[in-house]
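Undergrad: Supplied in structure tokens, the structure appears directly below.
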Amino acid sequence: MLRQITVPIIAILVFLGFWEWLVWVNGWPNFKMASPSDLPPAYSRYWELFLTMGWQTLWRTVVGLLLAVVVGTLIGMIIGFSRLMRDALYPLLVGFNAIPKATLVPVISLIFIGQHDFNTVLMAFMISFFPIAVSVGIGLSTLEPEYRDILRSLGASKYTIFTKIALPKTLPEFFGALKVSVTLAFIGTNLVEIVSPHGRGLGALFKSGETNGDYPLMFAVLIALAVLGIVLYYAVVFLEKIFAGWAEREGS
Amino acid sequence: MSRGPFLLLNEGRAIENLIEIKGVKHAYSTKAGPLPVLDGLEVAVPEGTFCAVVGPSGCGKSTLTRLVAGLMKPDEGEVWLHGERVRGPRKTVGMAFQNPVLLEWRTILENVILPLEIVAPTMSRAKRVERAMELLEMVGLKGFENKRPSELSGGMRQRASLCRSIVHKPEVLIMDEPFGALDAFTREDLWQTMRELRAAEPFTAVLITHDLRESVFLGDQVIVLSGRPARTQYVMNVDLPADRTLDVLYEKPVADMLSVLRQQIKIAQGRDEEVH
Ligand SMILES: Nc1ncnc2c1ncn2[C@@H]1O[C@H](COP(=O)(O)OP(=O)(O)O)[C@@H](O)[C@H]1O
Ligand SMILES: [Mg+2]
């Protein structure tokens, strides 16, 4: 337990030290590359902004992610249980996923003009549901028939089979996908926050730093984003331990 | 030499057949057109007896188990269980497969209890645990009830799977090559366990196997299926004492039975020319 906490902290400190040293050795000015020692002043000057903007980014990412979980699981169930729907939907899903999401920002901001919160959540959702849908779909469609038959032969309903067997059996794949989706959802949220005029959230704060030539602020935002990303990621890891801890192999 | 479905006679009175399969034909539809797998299947299993089924691989044995379990309907013919036509799954059936299919997120105890959650939703937790523990003790898994399946050996997992298949006291126990993946010694241990379970529990059993010694040791009758499409090619009554031990396998009567069965399998495989 102690090791699990101290080792990452030491790694982060080493990283910050290396960064500071790199800037110092090269004599980079602030407008080229800020150093860690420039960050505390930036945080203490704008801490209120960081809190409100950080919250904006966090809740929109989480809501987008929740949407992605619900819709992704539903799509996964559809393509997992029906061969026909799998054949029908797969190419569409892959095609949609292949579209660079940056190109969709102007599209959705034209459809839903001024709905900044909505657009941000929508983008976080669109960018992150695909891994969930695919993993749930594959998990369900590769369920060995015997697993179904032990309950089906007792007259259990499809719903019972889903909740007692298919769903728990898919959980490890689901959480694997969710870890990918967390990061993607962050990218989606920030994309909209940065690109939209009059945006909010950490992305907008980053852009205002850029507009004002406040480089330490920009780097401070990047670090704040990284921290939020780590928090969300480990929240997922925590849930995974609770709900799919059985899938972990001993001694690894 | 083929015979129709047999009737065990008990003082001149026919014992009721718990399972009856009459004139069953079935074909799967595949990309290459219909694939006939069963053609003229006749099986009759008296209540409380043990029916072993052998046949060439791919001849339709697993299909037979799915028919008895009510998981599918035959194109033609009838399947009867306890005097009722089988039209779908029923709670009085238990199944075990070559793959023990234990749920990795449940302990052994919780795995064994699973069918009770479906079949007897009102049964109290204490009663369920008591019933599961009774069986686990019988198969020698006492002390392992709180382990995960991944912590057990293959033979122990199969024991747990057997417990799960009979925990709800099914009328019919259907086993599809349950010992097929085990090593020879473990397999013989499980044959013994199977006989003990049989003596203690009321089920009527259908066992698919590719091991002729297993079919004779466990079965009251052995049915040989022909190659695909399968029909009932031969039925052998096994007249051995109920309290048989593994030693009988090395005695003359069994040796004779095995040689007859081997001959029948060769016919089923279409290799009987070689023996003449
Ligand atoms: N659902 C299915 N659809 C099409 N063909 C099948 C299906 N299930 C089994 N078969 C085919 O039917 C034949 C008999 O299958 P099975 O009953 O599993 O044989 P066995 O258990 O005797 O090996 C095999 O050739 C198998 O490939
Ligand atoms: Mg089979």
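Heads up, the Cβ atoms here are built off N, Cα and C, so glycines get one too.
Remember, TrEMBL labels are computer predictions, not curated facts.
Pulled the feature table from TrEMBL, pasting it below:
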- A:7-25: transmembrane segment (TRANSMEM)
- A:54-240: domain 'ABC transmembrane type-1' (DOMAIN)
- A:58-81: transmembrane segment (TRANSMEM)
- A:88-114: transmembrane segment (TRANSMEM)
- A:120-143: transmembrane segment (TRANSMEM)
- A:174-195: transmembrane segment (TRANSMEM)
- A:215-239: transmembrane segment (TRANSMEM)
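Give me the structural setting of these features: burial, nearby parts and distances.
TA: If you look at the transmembrane segment (A:88-114), the same-chain residues 6 or more away from its ends with a CB under 8 A from one of its CBs are 75, 78-79, 122-123, 126-127, 130, 133-134, 187-188, 191-192, 195-196.
With a cut-off of 8 Å between Cβ atoms, the residues of this chain six or more beyond the transmembrane segment (A:174-195) that come close are 56-57, 60-61, 64-65, 68-69, 72-73, 101-102, 105-106, 109, 116, 119-121, 123-129, 131-132, 134-136, 139, 201-204, 206-207, 225, 228-229, 232-233, 236-237, 239-240, 243-244.
Within the chain carrying the transmembrane segment (A:215-239), a Cβ under 8 angstroms from the stretch's Cβ atoms is held by residues 30-34, 38-39, 41-43, 46, 50, 54, 57-58, 61-62, 65, 175, 178-179, 182-183, 186, 190, 202, 205-206, 208-209, all 6 or more beyond its ends.
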